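*Asks:* Copying in the features that TrEMBL gives for the protein in this structure:
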ACT_SITE  91  active site, proton donor
BINDING   8, 9, 10, 61, 130, 168, 208, 209, 210, 230, 231  FMN binding site
DOMAIN    6-308  domain 'DUS-like FMN-binding'
């Protein structure tokens, strides 16, 4: 079976988009948006940590650099239904790095190890790490330190010592590039991730970065255990349906999915929640089909409702 996960994406992989992907493919492992431990400790946990039974399996991704905060947050995470906790050691945002979180932590493997061990102990959940293949710390790290050699990546893996790593096959440039630029400008180096799996065969290695097609998924599975896909799912959610076909699972028709969406939107309305919070994530459902323009025109409005979804179904015939 080809194992695929939905990458954590800020302002995208909220509870609604995760439910949407689950409507299409129930085997894809889902990740939350990156959530800071401070948000867990100080925010409305009933909302921040909320998941539904429909969207399992779900991994909670946390951002932290504080061991004590991580322990306290883990005590709350213990009582959730998340399958695992993932520590973000890959976010290249200078806003995150400026607080010694995200990709910055590749320079602090001992701290990452201590946090991972503590979160596992106090939450009772499996703990994984999502990291880059390296970092360029110019302007952030002491002496403008870089961690870009394979041996340094391997050292990070050996010290942090968890059972599963999701590795974005680019370095992160901690200062001077936006998060968007950090997803495209640093060159992809898939071979470094493949080499990591060869050298540490007992670890679960999942690859991330620039993966967009079924052919990509098939190629990477020759070398690693699984793949993580982000924006390609958001732009073309029916890629999740193609993965159903790849794994010899039943494939859903667009009409089936839209009917499920109708019931989901009705539920939101009954709970006095805004349908737009869900529908805004579904613009790509008819990607590259004759219904794409009509779908976007009808459901992109903030005033779209379950009636709008039903009207679209009727127009499809």
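The backbone N, Cα and C atoms fix where each Cβ goes, and this holds for glycine too.
Would you situate these features in the structure and describe their surroundings?
*Replies:* If you draw a 10 Å sphere around the CB of residue 91 (active site, proton donor), it holds 25 other CB atoms from the protein chains shown.
DSSP assigns residue 208 (FMN binding site) to a strand segment in the three-state reduction.
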*Asks:* Can you tell me how many other Cβ atoms are located within 10 Å of the Cβ belonging to residue 208 (FMN binding site)?
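*Replies:* That number is 23.
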*Asks:* Measuring Cα to Cα, tell me the gap between residue 10 (FMN binding site) and residue 91 (active site, proton donor) in whole angstrom.
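*Replies:* Checking the Cα atoms of residue 10 (FMN binding site) and residue 91 (active site, proton donor) gives a distance of 10 Å.
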*Asks:* Other Cβ atoms within 10 Å is the metric here; tell me which of the binding-site residues 8, 210 scores highest.
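*Replies:* Output for this query is 8.
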*Asks:* Out of 130, 231, which has the highest number of nearby Cβ atoms, where nearby means within 10 Å of its Cβ, if these are the binding-site residues?
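*Replies:* For the binding-site residues 130, 231, the Cβ with the most other Cβ atoms within 10 Å is 130.
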